[in-house]
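Colleague: Submitted below is the structure of interest, expressed as structure tokens.
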Amino acid sequence: MAAPAAGPVKGPGTDPKQGAPGVTTPPKRRGTELVMLAFAVVITLAAQTIVDITVTGSPSPEIATFGLWFTGLWVVAHLVVRRFAPYADPLLLPCVAVLTGLGLSMIHRLDIAANALGESVSAREDAPTQLLWATVGMVLFVAVLTVVRDHRALSRLAYTIGLVGLVLLAIPAVLPSALSEVNGAKIWIRVAGFSIQPGEFAKICLVIFFAAYLVDKRDVLALASRRVLGLEVPRARDLGPVLVAWGVSILVLVFERDLGSSLLLFGIFVVMLYVATERASWLVIGVLLFAVGGTVAYQLFGHVRVRVDTWLDPFAYYPDGGGYQVVQSLFGLGTGGLFGAGLGGGRPDQVPVAKSDFIAAAIGEELGLFGLVAVVVLYLVLVERGLRTSLVVRDGFGKLLAAGLAFGVAWQVFVVLGGVTGLLPLTGLTTPFVAYGGSSLVANFGLVALLVRISDAARRPAAPPAPPAPKLGEALTEVVKP
Amino acid sequence: MNSPLRKVSISVLVLFTLLILNANYIQVVRSSELRANPSNTRILAEEYDRERGQIVVDGNPVATSVRTDDALTYLRQYPQGELYSSVTGYYSLVYGNTGIERAENEILSGSDDRLAFRRIADLFTGRDPSGGNVELTLDPAAQQAAFDGLDGVQGSVVALDPSTGAVLAMVSSPGYDPNQLSSHDPAAIRAYSDTLGAMDPDPRVNGTVDERHSPGSVFKLITSAAALEDGYSSDSVVPAPQTYRLPGTSRDLSNFGGEVCDPSGQQTLADALRISCNTAFAQLGVELGEDRIRETAQAFGIDEEPEPMPLPVVQSTVGDIDGDAQLAVASIGQQNVQITPLQGAMIAAAIANDGSLMQPYLVDQLQAPDLTVIDQTEPEEQSRPVSADVATQLQQMMVGVVEGGSGRRAQIDGYTVGGKTGTAQTTADGDDNQWFVGFAGPEGEPQIAVAVFIQGGQGTGGDLSAPVAQQVMAAYLAADGGN
């Protein structure tokens, strides 16, 4: 889906007037981005229309409003990028647009299913809400790009941001369960009808902090003292940071019963540590710590044990017990087969929480293996562009930040889709951009804004050319002007 | 930092490749298996568009599909409500299907290969495809009597035609209303399911084949059969003391209520069975040895993997026996011996059928939508646990139990009835499992074998279970007897 024409072309958006004579300006590729965004919008609108026609027989009247609104979002995004990050990677936004649009279509489709069967308590329309959240996300996207003109500024605030991240992470654990617990996971702030998952934002804050911290300390952490079994083993005192990250992850697991975030944070930190220090020993240490934490958690916590047991044999815990969701998800995927039941043609509403945790199962059921793989490839493109940015950007902080954010998306997608397809135990993480849920969507738009910002820095010409003579002349004339 | 970055990049590629490979595995390799899983309600939803075949008892549908106006075209209905629920199971949008609805799903839904030609024909003629019918072996009179007999108690009844193995009655009580689980209203289905789930036991469990219990004195039939096969006769005199010291222990086994079996301390095997003398059979079991007991039990189907009939059946077992003391207790059906009510009926049926155990079955025939027969079940012998001679002696001994022993309440005017009661303590608080297994028919030709199991309650198998068995057998003989 949306396979980019990756030829070495001169982007249609390249403005020849901006290139000073004799200096080659890299193509900005804004035009490519615009064309692909338009493609993403077309895909989304087609999906929505197909859903309506399949299920109700005719397109719903809201489709025009939806179409205008959705198109507007990406026009704004495009204009803001064009103005504030002209050299940004042109593939990031289109990937996000298709994923978001596909998610909205799927949520719309599940709305119809729930209402048709009269299963939802109140005939709720979640798709419009999600569109609203996408709008809020776009506001954050614009805000990040306009306020953060240079990503390196973030490194100066890193400790503050890290603290904010920790506080966000800790709030649900501290709040009384009535305000923070949904379905056993204590990861929410629920006030005045709103539910916020602060962990989604905490993740980004912590990645910023990790990046700044590791850039500072990488030399120390890379100082290996001994070689044991062919591995550079760090000094005991340098184990501090990784132990702290491990400890925080364990605390999240214990106090918020959030297996997913725990795994996500620890995974991101270890990989960033590895990237920063270039020492594979950190990966080994990370895996060992994970093994220890995992084993102990399995022994101690019922909720972890349930997840693992139902993963090993979901059918043994069906229909009563923890296996119901996974088995239903597998049924959906299996029934979808190669080509899927078609949008609106399956029964993805059979899977509990299909709109959020299991939206990938809905996609796999209705769009088939092809659709699901297309989604995976979209994520892959997004992530690899992020990692590519990291490779190209010149400052260490930017490198680590881009790597952390991109790998974070990859790790999250792997863990979520792995859970839904039975490859891994279920974790309760959300599918970025696609799944229903405001916090996740808004936070991920912020994440993409950061990637766009760094990619702009990465692809921007290294140094401005020396001021040409005529300009100097002009300046002089100005001086002598009375 | 670029070198590790490249490695991370490749790792991400590997992780995503794993995701894609796994998606291929689920959506392509396992696709048909997942589609065919009866719990997969998606296929069910597809099936709702097609008229599902009927489940028929004696010419009348006990499960049928009616056309509705809502999104799911056909609604499954069970005109008799609870009466056949143990056998039919349900057909649920939410919970999938169970019972015959599950076991014969391919015929009922029309997806069976034997209906393939008709499906293609339907495609061309434009006729709506529909499923085939399943005709059950059940007898309405016996089923109704069993259902009425278990009203208000927790238990099971299975009745078999001894000469064929056809199931004549199968009731597990308490029952449930399959209509309420098969409606088109998921919320109502869930609510009803929650109600059932809160009951103990869950009425959806088919106690006749899904559960096994300590058979108590019913197992003395196995011990008797083993003895007769070993050269004893029904007139052989066996020791029947007031108490029996369990070998190698200081524990004494006594009889029910501490009774004396015979003042002389010994009695014939027939008398021992008639009054269900514990000490006699315990001692006899030890005398015969574990191997002999196990061999006979196995010949009757115990500790054999049961064939689906087509409902899946839990395996009955003699259980572990550690030493003669346990063998003694096992010989009177306690210790670790556990059998399903179906197994109880099979013991009686094999004895009634002159030593030939017929494979039990519930489905008489499968029909195409146009009622032509596509499969007719032929009775099949499962095993020959005892010789005809031994079977005849066992029959006479069992008749003795009903005519002058613990099974008097199973007597039916004008017919010869044989049986064996069983009472097995389950809990310390005095609740007992009440069994009766037996047969009835004109002299010398038993036409029905039955097992009644009632859980809990006070009294003995003779008090509670024998009258239920009597009603079931009498109803069947009155309706179909002599044919």
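Even glycines carry a Cβ here, placed using N, Cα and C.
Caution: TrEMBL annotation is automatic and unverified by curators.
For reference, TrEMBL lists these features for the protein:
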type	residues	note
COMPBIAS	A:1-13	compositional bias 'Low complexity'
REGION	A:1-28	region 'Disordered'
TRANSMEM	A:34-51	transmembrane segment
TRANSMEM	A:63-81	transmembrane segment
TRANSMEM	A:90-110	transmembrane segment
TRANSMEM	A:130-148	transmembrane segment
TRANSMEM	A:157-175	transmembrane segment
TRANSMEM	A:187-215	transmembrane segment
TRANSMEM	A:259-275	transmembrane segment
TRANSMEM	A:282-301	transmembrane segment
TRANSMEM	A:358-382	transmembrane segment
TRANSMEM	A:403-427	transmembrane segment
TRANSMEM	A:433-452	transmembrane segment
REGION	A:460-482	region 'Disordered'
Colleague: Where among A:63-81, A:90-110, A:157-175, A:259-275 do we find the most Cβ pairs under 8 Å to the transmembrane segment (A:403-427)?
Modeller: A:259-275
Colleague: Which sequence positions outside the transmembrane segment (A:259-275), separated from its termini by at least 6 residues, show Cβ-Cβ distances below 8 Å to it?
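Modeller: Same-chain contacts beyond the flanks: 169, 187, 199, 203, 206-207, 210-211, 214, 221, 241-242, 245-246, 248-250, 252-253, 282-283, 285-286, 289-290, 293, 303-304, 307, 399-400, 403-404, 407-408, 411-412, 415-416, 425, 427-429.
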Colleague: Kindly say whether the transmembrane segment (A:63-81) and the transmembrane segment (A:358-382) touch, using the definition of 3 or more Cβ pairs under 8 Å where each pair is 6 or more positions apart.
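Modeller: No; fewer than 3 Cβ pairs under 8 Å.
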Colleague: Below 8 Å between Cβ atoms, which of the listed ranges A:130-148, A:157-175, A:358-382 makes the most pairs with the transmembrane segment (A:90-110)?
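Modeller: Stretch with the highest Cβ contact count: A:358-382.
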Colleague: Given a Cβ distance threshold of under 8 angstroms, which distant residues of the chain, six or more beyond its ends, lie next to the transmembrane segment (A:157-175)?
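Modeller: Apart from its flanks, the transmembrane segment (A:157-175) reaches 186-189, 198-199, 201-206, 208-213, 248, 251-252, 255-256, 261.
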Colleague: Six or more residues out from either end of the transmembrane segment (A:358-382), which same-chain residues have a Cβ under 8 Å from its Cβ atoms?
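Modeller: 1-2, 4, 91-92, 95-96, 98-99, 102-103, 106-107, 109-110, 325, 328-329, 332-333, 335-348, 351-352, 406, 409-410, 413, 416-417, 420-421, 431-432, 434-436.
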Colleague: Mind checking which residues reach the transmembrane segment (A:433-452)? Cβ under 8 Å, same chain, six or more beyond either end.
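Modeller: Contacts of the transmembrane segment (A:433-452) (Cβ under 8 Å, skipping residues fewer than 6 from its ends): 81, 85, 88-89, 92-93, 96, 99-100, 102-103, 106-107, 126, 129-130, 133-134, 136-138, 140-145, 148, 151, 195-201, 203-204, 208, 355-357, 359-360, 363, 375, 385-386, 389, 401-402, 405-406, 408-409, 416.
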